[in-house]
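Residues or ranges marked as signal peptide in Swiss-Prot: 1-16. The disulfide bond annotation in Swiss-Prot covers 42-131, 44-60, 59-111, 65-138, 66-104, 73-97, 91-102. What Swiss-Prot records for 121, 124 is site 'Important residue of the cationic membrane-docking site (MDoS)'. The region 'Important for membrane-damaging activities in eukaryotes and bacteria' annotation in Swiss-Prot covers 121-133. What Swiss-Prot records for 127, 130 is site 'Hydrophobic membrane-disruption site (MDiS)', and it gives similarity to another entry as the kind of evidence. What Swiss-Prot records for 128, 133 is site 'Cationic membrane-docking site (MDoS)'.
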């Protein structure tokens, strides 16, 4: 459980329902979220959006954009619940805000799984100093 908390802090600062996000990533990829994605590329972890290094890094870029588009939500404080049913993430909220947050987190976890072939261990701990700003809009 401690590893999931550390992962969440690294992956998104303190945004979102961090325990659930960590569980989703592990369930979809089988990877330890903290050590595999916590500081990956230019977009995973704290900081703004930068030019993605690869498809895995783009998952984090899109996730940050997803959070940015949330309405009437506080991704830092709000929490949500979800279920793992037949190897699929099911967001279980009726309230729009937690459901939207859950859908953002579900999308990044699935994106990581779909792009496991682009995952590069050399980008696991990337110094953000060498990341370029992007003109790409969310």
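Don't overthink the numbers, they just go from 1 along the chain as shown.
Cβ atoms are placed via backbone N, Cα and C, with glycine included.
Location within the structure of each feature annotated in Swiss-Prot.
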residue: 44; record: disulfide bond; DSSP (3 states): coil
residue: 59; record: disulfide bond; DSSP (3 states): helix
residue: 66; record: disulfide bond; DSSP (3 states): helix
residue: 91; record: disulfide bond; DSSP (3 states): strand
residue: 97; record: disulfide bond; DSSP (3 states): helix
residue: 121; record: site 'Important residue of the cationic membrane-docking site (MDoS)'; DSSP (3 states): helix
residue: 128; record: site 'Cationic membrane-docking site (MDoS)'; DSSP (3 states): helix
residue: 138; record: disulfide bond; DSSP (3 states): coil
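In the three-state DSSP classification, residue 133 (site 'Cationic membrane-docking site (MDoS)') falls within a strand.
Shown are the disulfide-bonded residues 91, 104; the one with the most C-beta atoms within 10 angstroms of its own C-beta is 104.
Counting other Cβ atoms within 10 Å of each Cβ, the disulfide-bonded residues 59, 97, 131 show the lowest value at 97. Sparsest Cβ environment among the recorded positions 44, 60, 73, 127 (other Cβ atoms counted within 10 Å): 127. Of all Cβ atoms in the protein chains displayed, 15 besides its own lie within 10 Å of the Cβ of residue 65 (disulfide bond).
Cβ-based crowding with a 10 Å cutoff singles out 124 as the top-ranked of the recorded sites 121, 124, 133. Here residue 128 (site 'Cationic membrane-docking site (MDoS)') comes close to 42, 45, 47, 50: these same-chain residues lie at least six apart in sequence, with C-beta atoms under 8 angstroms from its C-beta.
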